[in-house]
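Enquirer: Residues or ranges marked as N6-(pyridoxal phosphate)lysine in Swiss-Prot (evidence: experimental evidence): Lys44. Here Swiss-Prot flags Asn74, Gly178, Thr179, Gly180, Gly181, Thr182, Ser266 as pyridoxal 5'-phosphate binding site.
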Amino acid sequence: MSIAEDITQLIGRTPLVRLRRVTDGAVADIVAKLEFFNPANSVKDRIGVAMLQAAEQAGLIKPDTIILEPTSGNTGIALAMVCAARGYRCVLTMPETMSLERRMLLRAYGAELILTPGADGMSGAIAKAEELAKTDQRYFVPQQFENPANPAIHRVTTAEEVWRDTDGKVDIVVAGVGTGGTITGVAQVIKERKPSARFVAVEPAASPVLSGGQKGPHPIQGIGAGFVPPVLDQDLVDEIITVGNEDALNVARRLAREEGLLVGISSGAATVAALQVARRPENAGKLIVVVLPDFGERYLSTPLFADVAD
């Protein structure tokens with residue numbers, strides 16, 4: 001029988017699909033890795049289970065432990081799902097600028113949510129979590145931005161999936177940077193096997209911290225945290241592309257209407273960057289894998305779908 005023992009065993013093994021109708025001007029092939037096929041509909045499901053499993057194995061979590069994490073949404077949703085399946089209490093801090101759907105999903109999974117000022121960005125959510133952690137020794141903070149289990153799970157799952165599903169023919173990987181775990185873990189594996197492979201990081205033009213600019217507010221939820229995350233190995237990144245807010249929103253809408261892919265704003269940003277790379281003459285005939293981190297349904301209340309609101 002092929003029966004999962006709990007929902008966490010269904011995380012990973014997400015598919016690749018070729019983009020065909022939004023690729024005007026591209027001379028390279030673009031295939032999208034659809035991370036919304038994970039049970040809680042985002043790439044963060046991978047680290048949600050990985051960080052808690054690592055903590056369990058290290059004896060850092062007990063039955064009365066309270067999982068506490070600052071999140072822009074998707075990691076919190078993943079942790080809330082895993083905590084529900086494992087029986088842990090979950091408390092999350094999140095900037096108030098994150099979508100209404102994110103808040104409702106977190107609470108639907110049974111998590112307790114503490115909102116922090118939007119102007120403070122992820123730094124504010126992190127500071128609040130650190131403050132709370134000092135008040136009760138039962139709190140355990142996975143610390144996604146610096147937890148080695150984050151890139152590790154991408155080494156053993158995401159990277160292997162990309163390599164296997166492209167028969168090792170992947171030439172370029174494009175991924176947005178939130179924690180940096182995805183691009184770091186995948187690059188660590190694929191660059192070792194194929195040194196010619198290139199990795200492109202994507203960040204908001206309105207908060208180009210990785211590019212050496214100043215942090216700023218932006219609507220591309222899930223990337224552009226406003227600081228360089230410790231998990232990110234910048235030596236593995238060959239290029240950083242900044243994407244404008246409207247470009248990200250417009251391409252995310254196009255993915256829904258022209259490819260049938262209902263995805264979030266950061267997926268639009270990653271695809272903008274992938275298209276830019278795919279249009280370069282030197283990349284003719286190459287295979288580009290772009291990571292689409294999450295599902296569009298959790299953005300229905302945001303500017304992404306304002307044009308279809310009643």
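Note: Cβ is positioned from N, Cα and C throughout, glycine not excepted.
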Enquirer: About how far apart, in whole Å, are the alpha carbons (Cα) of Gly178 (pyridoxal 5'-phosphate binding site) and Lys44 (N6-(pyridoxal phosphate)lysine)?
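Expert: Spelling it out, the Cα of Gly178 (pyridoxal 5'-phosphate binding site) and the Cα of Lys44 (N6-(pyridoxal phosphate)lysine) are 10 Å apart.
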Enquirer: Using C-alpha atoms only, work out the spacing between Lys44 (N6-(pyridoxal phosphate)lysine) and Asn74 (pyridoxal 5'-phosphate binding site) and round it to an integer in Å.
Expert: 6
Enquirer: What other residues of this chain sit with their CB within 8 A of the center of the CB atoms of Asn74, Gly178, Thr179, Gly180, Gly181, Thr182, Ser266, the recorded pyridoxal 5'-phosphate site?
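Expert: Not counting the recorded site residues, we get Val43, Lys44, Ala175, Gly176, Val177, Gly222, Ile223, Pro293.
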Enquirer: For Gly178 (pyridoxal 5'-phosphate binding site), just count the other CB atoms lying within 10 A of its CB, please.
Expert: 30
Enquirer: If you skip the near sequence neighbours and keep only those at least six away, which residues in the chain come within under 8 angstroms of Asn74 (pyridoxal 5'-phosphate binding site), Cβ to Cβ?
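Expert: Within the chain, Asn74 (pyridoxal 5'-phosphate binding site) has Cβ neighbours under 8 Å at Ala40, Ser42, Val43, Lys44, Arg102, Gly222, Pro293, Asp294.
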Enquirer: Could you give the maximum C-alpha to C-alpha distance in Å for the residues Asn74, Gly178, Thr179, Gly180, Gly181, Thr182, Ser266 that bind pyridoxal 5'-phosphate per the record?
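Expert: About 15 Å separates the two most distant Cα atoms.
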Enquirer: Let me know the most crowded of the binding-site residues, choosing from Gly180, Gly181 and counting other Cβ atoms within 10 Å.
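Expert: Within the set of binding-site residues, the most crowded position is Gly181.
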Enquirer: Could you list the residues of the same chain, at least six apart in sequence, whose Cβ is under 8 A from the Cβ of Ser266 (pyridoxal 5'-phosphate binding site)?
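Expert: When sequence neighbours closer than 6 are ignored, Ser266 (pyridoxal 5'-phosphate binding site) has Gly176, Gly178, Val202, Ile220, Gln221, Gly222, Ile223, Ala248, Pro293, Asp294 within Cβ distance under 8 Å.
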Enquirer: Just to be sure I understand the packing, how many Cβ atoms besides its own are within 10 Å of the Cβ of Lys44 (N6-(pyridoxal phosphate)lysine)?
Expert: 31
